[in-house]
Amino acid sequence: MSIWEVILAFVVVVLMLVALLANVLVLMCFLYSADIRKQVPGLFILNLTFCNLLMTVSNMPLTLAGIIYKSQPGGDQICHIVGFLETFLTTNSMLSMAALSIDRWIAVVFPLSYHSKMRYRDAALILSYTWLHSVSFPIVAASLSWVGFHHLYASCTLYNKRPEDRTQFVIFTGVFHTLSFLLSLIVLCFTYLKVLKVARFHCKRIDVITMQTLVLLVDIHPSVRERCLEEQKRRRQRATKKISTFIGTFILCFAPYVITRLVELSSMVHISSHWGIISKCLAYSKVVSDPFVYSLLRHQYKKTWKDIINKILKRSSINSSALTSESHNRNILQLNE
């Protein structure tokens, strides 16, 4: 193995470990907190977490093996199953992010009618569509034998080995990425920019009230006035940072891989295998970032996983105290004897 392959293998191992830990923690929060389970977005986050966990335990280990051995890991049947899952899970996770953005759009732009527009039944219908949409492409690819081990990405993924099918495969690949990556990106941009517009409008209203209050309070201490102005500035930046993170991580993680897949279809362009694996690792990094972007950094999830950790530590502390007390009593009995 070259130094580049060692580095890429190490990166995949780190991504696997962090993704497994983070997504399991999200799942634990969902199971532990009744409040999270009651919320409609929890269904979308649960679906996204399911996709991320399955991707972590099925696709990423085989990519690691492909990088190390530079050949197809396992037999053709295993590779076909993993390639099917890769196409399904990637599409499903993209559409889940789009569904979360639609939920936020309705909650912010139509707050009074949110509970009537976005119920559990509506969320279930959206998830049913995402599954139907996501499974249709790998079914077509598998039926046409367009799934296999691709040396450029060291992965079991969409791959056409027959030159006579090249035109059909090019059309299929273009339609697939248009209706998965591009469609999800358009939905994310539309919904979150609408959310940002509403957030900025509310910030302006709060800023006006704040400035009027500061003008009226002539005896207010300068330090208090300065803190109010700083909070005003942070409030304006908060929504922009969050929405930039949602859209930015989506583009940064998926765009290089999608563009590489499309450029690869042109026989005139040569793509380095190192770049192919790097673009694949960037796509895998979305599995790592999703738990933090959509769940673990939110206040409700922070409180939940802190409660879980405190409960575990408290239980271990109680068990330790009980064992210490039992040992102390045993020592006293031995001395008395």
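Every residue, even glycine, has its Cβ placed from backbone N, Cα and C.
These come from TrEMBL:
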type	residues	note
DOMAIN	22-294	domain 'G-protein coupled receptors family 1 profile'
TRANSMEM	6-32	transmembrane segment
TRANSMEM	44-69	transmembrane segment
TRANSMEM	123-149	transmembrane segment
TRANSMEM	169-195	transmembrane segment
TRANSMEM	243-263	transmembrane segment
TRANSMEM	275-297	transmembrane segment
Top partner of the transmembrane segment (6-32) among 44-69, 123-149, 169-195, 243-263, 275-297 - counted as Cβ pairs under 8 Å: 44-69
Distal contacts, the transmembrane segment (169-195) - CB-CB under 8 A, six or more residues away: 87, 90-91, 94-95, 97-98, 101-102, 104-105, 108-109, 133-134, 137, 140-141, 144, 146, 158, 160, 239, 243, 246-247, 250-251, 254-255, 258, 261-262, 265
Non-local residues, at least 6 beyond the ends, that sit with Cβ under 8 Å of the transmembrane segment (123-149): 40, 43-44, 47, 66, 71-73, 76, 79-80, 83-85, 87-89, 91-92, 95-96, 99, 102-103, 155-162, 165, 168-169, 172, 176, 179-180
Other parts of the chain folded back onto the transmembrane segment (275-297), taken as Cβ under 8 Å at six or more residues beyond its ends: 8, 11-12, 15, 18-19, 22-23, 25-26, 29, 45, 48-49, 52, 55-56, 59-60, 63, 67, 90, 93, 97, 100, 150, 152-155, 245-246, 249-250, 252-254, 256-257, 260, 264, 305
For the domain 'G-protein coupled receptors family 1 profile' (22-294), the mean pLDDT of the predicted model: 87
